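Enquirer: What TrEMBL records for this protein is below:
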TRANSMEM  49-71  transmembrane segment
BINDING   ASP126, ASP403, HIS407, ASP447, HIS448, HIS524  Zn(2+) binding site
BINDING   ASP126, HIS233, THR235, GLU398  Mg(2+) binding site
ACT_SITE  SER170  active site, phosphoserine intermediate
Amino acid sequence: MDTVRQDVNYSSIDSSEGLRWRNVDLNFLPSPSSSSPPMKFYHSNRFKIVATFLLISLSILISGTCIAYYGKMANNSSVTSGSFNLNNLPNEQLIWFEKGEAELLKALNRKENSRKARNVILFVGDGMGPNTVTAARIYGFGEDGLMAWEEFPNMGLLKTYCADKLVPDSASTATALFSGVKTNYETSGIDASVHFADCPNSLNSLHQLPTIMSWAQDEGLHTGFVTTTRVTHATPSALYAHVPDRSWECENNIPEYARVQGCTDIATQLVEGNVGQKINVIMGGGRQMLISNISGSKEDPLDTWAGYSKDGRHLIQKWMRKKQEQNRLYQVVQNRDELMAIDGTSVNYVLGIFANGHLKYDNELDMGSGSMPSLKEMTVKALQILSSRERGFLLVVEGGLIDQAHHRGKAKKAINEVLAFNNAINASIQALSEEELENTLIIVTADHSHTLTINGYPKRGTSVFGIAGNSKTEGTPYTVLTYGTTGKGFQTDDKCLRKDPATDDTENWEYTQQGAVNTDENSHGGSDVTIHATGAMSHLFHGVHEQSYVAHAISYALRIGRFRESALVNQLNEKTTP
């Protein structure tokens with residue numbers, strides 16, 4: 001503390017008046033004797049100690065008074081200068097402040113996991129656009145709930161356009177996700193120099209795209225994919241096949257000119273191709289593409305939308321013979337019971353084909369003897385097989401029936417498939433140990449969206465499958481969910497007016513939502529889709545990305561593909577800003 005210094009002529013001061021310094025009474029100090037020289041008390045140590053003590057005491061008194069005053073003000077008002085009292089907020093405000101604080105703490109506690117990933121699990125919700133996720137969240141957990149992946153610390157958006165279309169299909173988007181290169185509509189595993197159905201150019205190896213699966217295999221990682229669609233369908237095909245037409249799932253779908261030119265079907269490439277034959281775990285449907293002339297049944301019908309092999313093939317037996325020749329530990333399973341009986345530690349290769357076409361929707365599974373397994377069960381078993389090995393693994397999981405239900409206009413089935421997808425993700429997280437989770441990059445995204453919309457101004461708590469309200473121009477009710485395009489949802493009554501949906505059971509699994517534009521089937525949407533990530537290197541997903549970025553990020557996280565070279569990794573890291 002600095003002391004204000006004054007020179008005082010003590011001989012001119014009457015001792016009866018006492019000595020005062022800066023308004024502090026110093027009468028207690030002895031007066032100087034006339035026989036001694038004048039003393040400068042403000043230089044004495046005693047004076048400094050006393051003055052300092054008095055000033056500190058005065059400061060404490062003033063501070064205490066201020067604190068008491070403003071504390072009293074805080075009790076009388078929730079907002080004061082420099083303070084905020086939650087206790088006096090109405091509940092309608094308090095709940096949102098508490099939620100905001102909880103989310104803020106979560107954000108502040110977020111830490112980057114920059115270790116190299118040992119494993120990657122990529123979940124792809126086919127057709128799972130933002131509105132689909134929102135509707136599923138409300139249906140499953142309420143307006144304020146969260147899906148499993150929405151709790152992941154990192155997220156971004158993916159731009160889903162393909163090389164030649166504003167709105168893409170699943171083959172072109174899967175190619176972007178898995179290879180890091182955008183390609184043309186309805187082509188799979190080839191670059192954009194190859195146009196639709198162009199067989200000769202698709203055979204040029206320069207235009208055939210390597211994928212995260214082939215890169216992982218090159219590094220000795222175990223690989224697998226699980227899908228609720230046919231294993232030869234658009235999304236999985238982009239992992240291992242190279243075709244200029246995604247519909248070439250079996251030989252019967254390939255035009256004669258293409259067969260003559262040497263193009264092979266997707267099913268053949270799965271079993272005999274360089275990448276396909278090395279895949280450790282294959283699970284899904286599509287028996288009618290792998291075995292010729294099979295018959296359907298009521299429980300397992302043929303897929304009439306797709307092809308049907310007739311050349312006498314039995315690719316499942318061919319797959320088994322190859323594994324025998326290579327002295328591999330393998331198993332083929334065809335129903336839920338056989339799948340659940342697998343000991344994941346005693347087998348290296350599993351081929352699970354559970355349906356002639358696509359698997360049943362989750363709401364249709366009976367879980368009885370000989371039934372089809374759920375996506376959750378297939379995923380957990382795949383993890384048991386892949387994670388039991390010393391090397392790391394890459395697993396791709398597709399919730400493929402989200403898209404199939406949307407195409408048919410069955411919004412309730414599509415949204416329920418999202419919840420089944422969510423169950424598979426939750427189960428995967430629970431199946432991995434804490435150490436495995438730290439070393440595993442888990443990604444959840446979609447390949448594209450659909451034209452599903454959430455409409456009107458329904459009250460909170462209204463079923464997403466219910467009625468939103470009445471049209472103010474027509475007077476006719478409309479549902480919370482509708483489609484922009486539809487296969488048979490453009491519905492009119494006998495007066496050619498829009499049909500009143502309240503006359504139907506809109507909660508029924510088979511109810512078809514109304515749509516604006518009638519066409520052959522509900523089309524895809526062109527919106528961005530979300531991507532969420534947790535675990536090793538998950539911070540690589542942070543903003544708006546090209547869809548093709550995903551493969552590059554996985555390549556970097558696992559140090560596979562182009563990033564297997566440490567020199568390139570170091571070169572890239574040197575370009576980062578400290």
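Note: Cβ is positioned from N, Cα and C throughout, glycine not excepted.
What's the neighbourhood like for these features in this structure?
Expert: Other C-beta atoms found within 10 angstroms of the C-beta of ASP126 (Zn(2+) binding site) number 27, with every protein chain shown included.
Listed in sequence order, ASP126, GLY127, HIS233, ALA234, THR235, ARG246, ASP403, ASP447, HIS448 are the same-chain residues at least 6 apart in sequence whose CB falls under 8 Å from the CB of SER170 (active site, phosphoserine intermediate).
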Enquirer: How big is the gap, in Å, between the Cα of HIS407 (Zn(2+) binding site) and that of GLU398 (Mg(2+) binding site), rounded to a whole number?
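Expert: Cα to Cα, HIS407 (Zn(2+) binding site) and GLU398 (Mg(2+) binding site) are separated by 16 Å.
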Enquirer: Around the recorded Zn(2+) site, report the further residues of that chain (criterion: Cβ within 8 Å of the mean position of the Cβ atoms of ASP126, ASP403, HIS407, ASP447, HIS448, HIS524; site residues excluded), sequence-ordered.
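Expert: Along the chain, the qualifying residues are GLY127, MET128, ASP169, SER170, THR173, ILE402, HIS406, ALA446, SER449, HIS450.
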Enquirer: In whole Å, how far does the CA atom of GLU398 (Mg(2+) binding site) lie from that of HIS524 (Zn(2+) binding site)?
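Expert: Answer for this pair: 17 Å between alpha carbons.
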Enquirer: Within 10 Å of each Cβ, count the other Cβ atoms, then let me know which of the binding-site residues HIS233, HIS448, HIS524 comes out lowest.
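Expert: Among the binding-site residues HIS233, HIS448, HIS524, the sparsest Cβ neighbourhood within 10 Å belongs to HIS524.
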Enquirer: Based on Cβ atoms within 10 Å, give me the single least packed residue among the binding-site residues THR235, ASP403, HIS407, ASP447.
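Expert: HIS407, out of the binding-site residues THR235, ASP403, HIS407, ASP447, has the fewest neighbouring Cβ atoms within 10 Å.
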